[in-house]
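For 2-77, the entry in Swiss-Prot reads domain 'Carrier', with the evidence type sequence analysis. Here Swiss-Prot flags Ser37 as O-(pantetheine 4'-phosphoryl)serine, drawing on experimental evidence.
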Amino acid sequence: MSDIEQRVKNVVVEQLGVDEAEVTNAASFVDDLGADSLDTVELVMALEEEFGTEIPDEEAEKITTVQLAIDYVKSHQ
């Protein structure tokens, strides 16, 4: 597991209060991890802070799974 992947998963665990075992790469924030719209906004803000990057709203809407978050961060580092 890459450093970025682990950091993304740590942010997800912290923000959504879920067990680390539930945070698989294919996990959907809403369908699998029980996030609501406010949770997803806060999750994006936490990812921005963790990685020092800005995620525009139109991009944030597309980040619906753990893997998509990892891919976004990797391509914008």
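Any Cβ shown, glycine's included, is placed from N, Cα and C.
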Whole-number mean of pLDDT values that fall within the domain 'Carrier' (2-77): 97
Tell me the Cβ neighbour count for Ser37 (O-(pantetheine 4'-phosphoryl)serine), meaning other Cβ atoms within 10 Å of its Cβ, over all protein chains shown. 8
So how many of the residues in the domain 'Carrier' (2-77) end up helix, strand or coil by DSSP? 46 helix, 2 strand, 28 coil
